[in-house]
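Straight from Swiss-Prot, the features:
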- LYS119: active site, N6-AMP-lysine intermediate (ACT_SITE)
- ASP34, ALA35, GLU36, TYR37, ASP38, SER83, LEU84, GLU117, ARG140, GLU177, LYS293, LYS317: NAD(+) binding site (BINDING)
- CYS411, CYS414, CYS429, CYS434: Zn(2+) binding site (BINDING)
- 591-672: domain 'BRCT' (DOMAIN)
Amino acid sequence: MDKQAAERRIQELHKEINRHNYLYYVEDRPEINDAEYDLLLRELQQLEKAYPDLVTADSPTQRVGAAPLEKFSQVTHRMPMLSLENAFNEEEMHDFDERIKRFLGLAAGDEIEYVCEPKMDGLAVELVYENGDFTVGSTRGDGYVGEDVTQNLRTVKTIPLSLAIATPPRLFEVRGEVYLGLAPFQKLNVEREEAGDPPFANPRNAAAGSLRQLDSRITARRPLSIFCYAAGSLEGHEFTSQSDLLNTIPGWGLPVNPLIRKVSGIGGVLAYYHEMSEKRESLPYEIDGVVVKVDSFDLQRELGEKTRSPRWAIAWKFPPRQAVTVVEEIVPQVGRTGVITPVAHLRPVEVSGVMVSRATLHNWEEMEKKDIRKGDTVVVERAGDVIPAVVKVITEKRKGDEQPLPIPANCPECGSEVVKIPGEVAVRCLGLSCPAQIRETIIHFASRHAMDIDGMGDKYIEQLLKLGLVKNVADLYYLKKDDFMRFERMGDKLAENLLGAIETSKQRELSRFIYALGIRHVGEHTAKLLANAFGSMENLEHASEEELLSIREVGPQVAQSIRTFFHNRNNIEVIDRMFNAGVKPSVEEKRVGGRFTGKTFVFTGALTRFTRDDAKRMVENEGGHAAGSVSKKTDFVVAGAEAGSKLDKARQLGVKVLTEDEFLAMLGVCRT
């Protein structure tokens, strides 16, 4: 290919890859699978390698991160990024509304048009676009001067490197909130704890810590996202209102929270706040309140600013998700990788409608830093963690008999030596045959998202270990009915059901099998990437580090962990024993041209004909996409019993609603 043809193809690839990035990261409705995406990216990389002078700053290949910086330089904001005044109750919101009316000379009965937005709990940033190209990105800082984090922001997949508009503004400063979703946050903390690093306290700290990395390659490995919500300086374009801005910029490629809404009067604001308060627990990211802004930019200019905040906006904060209780015991808990975690057993207390009786203390360094002891009165919080965390000790309530828990010299499960590896915060059991590690490994292997051995719960696994019937996951596939009949209160039918569930699990998808192996740093998503890339266990076992690193989202740490796992002879022997017992993982290809190609489904309510995981698989196998929330882009909502807000929204948007039987009929499955 000559240079002219290469340049044309590079431009085509830019457009195609950017479009797929937008579909994948912003709209959550990919049109191609990861393997097809990787082929496009690899083609672009090869062309740029052949013609390095054709590499442009907005190329999709330039998101991988640059060499580490020694320190961040400073950026002065052309327009200050002011903080917002806070409100904490309805009375203060009524006061805000009345102040605006008085300032504008309006009558008490007049209604202001407001725009209400979920208050994201992340890190505020400013993106500068010059003639449509992203040139500078900075943190809010003190509102006047922030830190230059351009290289890090370039790695955030939801930030366009160039605006999708034919005639872009000469200058456009857009403000937004960089955040980390709850699922990526929990996964990141698991990986950090397994690697011996301190976990992040909450998603906001994780987002801030990820964005303020001097090495942007670290930022690139963390799935940060952004929602844009305001404009700074603007030349060459004009918006008339906040709603005009937020309705326009998604078409330019800038993500906006779909829950933003224009309302009339303070009554509309109150209704929106209470709706978001109810939705808060079901959202895939953290919000800590609602931001309310006067919609009209003319009115905003008339209202102006106070010393540190605008008169035309306010943040109505949610009540904190905290409670006070007592630490009744601190117990060391051994995980499947040998990491020993101190866990606080608490006097039961309700936090955000959930009864809490345990909280992770993460590690001994964290516990000692907070000085948490048995008998302490503490503040606990639910902030993105499945298991709540202890925020602080109320030291003034100490009586003098509180007891700290020292690092155990020996594993509480097997008595093996316990070590703290230099450079890590984790304390680990070195026992190769530690029953706690074996137990947790088998529980993980049999779990619903792994091999899904129906009925094989924790109690049965503990009995198998106690009776010496299993020593590793391969032993599950050599069990006989007589083995289960040794259990307490075990009948013929139940034993046969368990054996049947084990037999059924032999045909699970390759991605589930990879995830079930419990390879360090390999979660469900990475397991799917590996299954799609290599297609068989044999190929994965023999994959080189270079081949692993060529996969999108697989970094050096993950690649090294995979290589280490497959270099362990014991692991290979366990896998071989499973294959000899008839385990045969299958690769389920996403069908191109399936009956659901290009269609988006949402499942809601209590499903009786299939599980949500089964539904997602059925849709994806037919080329469709299963989403978690209803939007204008949703094609079908499948509603089970007691369907709630998703069903209501589907009806409001005119989305077609199906029963479970109607969905199965679309698949050609007979009703029973």
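Positions of Cβ are set from backbone N, Cα and C atoms, glycine also.
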Could you say whether, by DSSP, ARG140 (NAD(+) binding site) belongs to a helix, a strand or a coil region?
coil
Which one is it: of the recorded positions LEU84, LYS119, ARG140, LYS293, whose Cα lies the shortest distance from the Cα of CYS434 (Zn(2+) binding site)?
LYS119
Among all chains shown, work out which of the binding-site residues LEU84, CYS414, CYS429, CYS434 has the most CB atoms within 10 A of its CB.
CYS429
Tally every other Cβ atom lying within 10 Å of the Cβ atom of LYS293 (NAD(+) binding site).
21
Cα-Cα separation of LYS119 (active site, N6-AMP-lysine intermediate) and CYS414 (Zn(2+) binding site), in Å?
47
Looking only at Cβ atoms, how many others are within 10 Å of the one on CYS411 (Zn(2+) binding site)?
23
Enumerate same-chain residues with a sequence separation of six or more from ARG140 (NAD(+) binding site) and a Cβ-Cβ distance below 8 A; give 'none' if the list is empty.
MET81, LEU123, ALA124, VAL125, GLU126, GLY146
Where DSSP helix means H, G or I and strand means E or B, what are the helix, strand and coil counts for the domain 'BRCT' (591-672)?
26 helix, 17 strand, 39 coil
Could you state the whole-number distance in Å separating the C-alpha atoms of CYS429 (Zn(2+) binding site) and LEU84 (NAD(+) binding site)?
49
Determine, from DSSP, whether CYS434 (Zn(2+) binding site) sits in helix, strand or coil.
coil
Please report how many Å separate the Cα atom of LEU84 (NAD(+) binding site) from that of CYS411 (Zn(2+) binding site), as a whole number.
50
Alpha-carbon distance [LYS293 (NAD(+) binding site); CYS411 (Zn(2+) binding site)] in Å:
56
